[in-house]
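Residues annotated as region 'Pyrophosphorylase' in Swiss-Prot: 1-229. Taken from Swiss-Prot, the feature UDP-N-acetyl-alpha-D-glucosamine binding site applies to 11-14, 25, 76, 81-82, 103-105, 140, 154, 169, 227, 333, 351, 366, 377. Swiss-Prot lists 105, 227 with the feature Mg(2+) binding site. Residues or ranges marked as region 'Linker' by Swiss-Prot: 230-250. Under the heading region 'N-acetyltransferase', Swiss-Prot lists 251-456. The active site, proton acceptor annotation in Swiss-Prot covers 363. Residues or ranges marked as acetyl-CoA binding site by Swiss-Prot: 380, 386, 387, 405, 423, 440.
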């Protein structure tokens with residue numbers, strides 16, 4: 001069906017006392033992203049014309065964390081209930097648009113469910129998201145007459161008879177902007193909490209003869225809110241389980257789905273294998289037949305076909321061509337690039353460095369601000385000395401160079417094609433093509449040398 005224009009209100013003013021944190025509750029993360037950002041993303045994906053974020057506690061922290069230009073910041077100086085929060089946003093509502101109300105601490109609400117709610121909203125009426133619970137204690141009950149929704153009664157205001165009702169309000173609803181403003185203006189705080197409840201607009205709409213249509217979410221987890229860290233951790237597991245299931249069904253081999261975390265977006269080829277305790281962050285692309293060992297962290301990186309990443313390796317903002325091998329215990333920092341068939345071994349760190357085709361850095365090496373050609377051997381203990389305490393400088397190593405162990409290359413410096421650097425050399429000047437560079441002092445030997453002895 002053709003939908004009206006729509007804006008979204010996200011309630012995010014709560015302090016989150018039960019989180020025992022200085023951080024606003026809605027900024028606590030689920031799958032590496034603030035809870036409220038999940039909700040903002042859903043609103044934007046729905047095509048919201050405007051997103052009104054109602055905030056209170058920790059407003060400065062929220063504004064620092066959320067950089068969405070589509071956000072309209074609405075202050076709720078006093079937290080006097082959900083109806084009061086909506087009243088603060090009401091001046092921004094257009095009469096001819098629909099208003100969808102969401103919550104910053106309900107992070108798993110799906111776009112699919114919200115679209116069904118939007119489609120189900122009757123002309124001039126309200127679309128309401130409800131669920132049935134075996135134990136509805138603490139939640140507002142949905143009242144009906146002849147099957148039609150007539151209102152919502154909060155648990156504290158409900159009679160014993162009403163408390164037997166299992167259908168409860170999730171708090172998520174959609175209505176026309178002009179109607180919403182009119183109903184909000186009629187709210188009172190005549191209840192056990194002394195607050196203005198948004199739920200009271202259901203009864204007001206019913207009294208006007210407006211239709212209220214209830215829609216159920218696909219999964220209960222979509223409407224579960226977070227009030228403490230235990231609830232947040234449970235939703236994290238729900239989310240991760242869902243992501244792992246999708247990946248398994250798409251052909252990714254997760255050795256143990258319960259020990260895999262996706263904190264972003266994973267694009268993958270065929271026959272990808274991921275071992276236990278792997279974390280994927282940001283936007284990651286894995287080519288065909290990629291293998292990732294246990295304990296690895298991959299963030300914002302592209303991994304080419306047939307690459308193998310051994311256990312406990314960290315890869316961030318890096319780009320690997322096909323058939324590269326990394327680790328174990330390697331670290332690729334932002335700007336690291338490996339060309340086809342390159343190898344980075346254990347305890348090797350790269351940053352803003354390119355390792356050419358078939359080149360190898362096997363162990364105990366730092367390569368920073370470096371361009372390394374094809375078929376280069378970097379010996380154990382090699383360091384590109386790229387920083388003088390104020391500025392960074394580049395090291396350039398040509399094709400077919402052999403760098404011996406325990407070499408220091410003091411940038412800026414260039415090593416020509418086919419050159420050899422002897423073990424233990426400190427390179428401070430450019431090395432020509434096919435030359436041997438050696439800076440060790442001649443070895444001397446003193447016969448019968450006696451080591452110093454500590455005085456007692």
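Each Cβ is built from the backbone N, Cα and C atoms, and glycine gets one as well.
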Overall pLDDT for the region 'Pyrophosphorylase' (1-229), taken as the rounded mean: 95
Residue 333 (UDP-N-acetyl-alpha-D-glucosamine binding site) as reference: those recorded positions from 363, 380, 387, 405, 423, 440 with C-alpha within 10 Å of it: none
Set of same-chain residues at least 6 away whose C-beta sits under 8 angstroms from residue 377 (UDP-N-acetyl-alpha-D-glucosamine binding site): 359, 360, 401, 402, 403
Site of maximum Cβ density within 10 Å, from binding-site residues 14, 81, 104: 104
Cβ neighbours within the same chain of residue 423 (acetyl-CoA binding site) - under 8 Å, at least six residues apart: 379, 404, 405, 406, 407
Residue with minimal Cβ packing [other Cβ atoms within 10 Å] among the binding-site residues 11, 380: 380
Neighbours of the residue listed as 'active site, proton acceptor' among the binding-site residues 14, 105, 154, 380, 386 (Cα to Cα, within 10 Å): 380
Inter-residue C-alpha distance, residue 14 (UDP-N-acetyl-alpha-D-glucosamine binding site) and residue 105 (Mg(2+) binding site) (nearest angstrom): 9
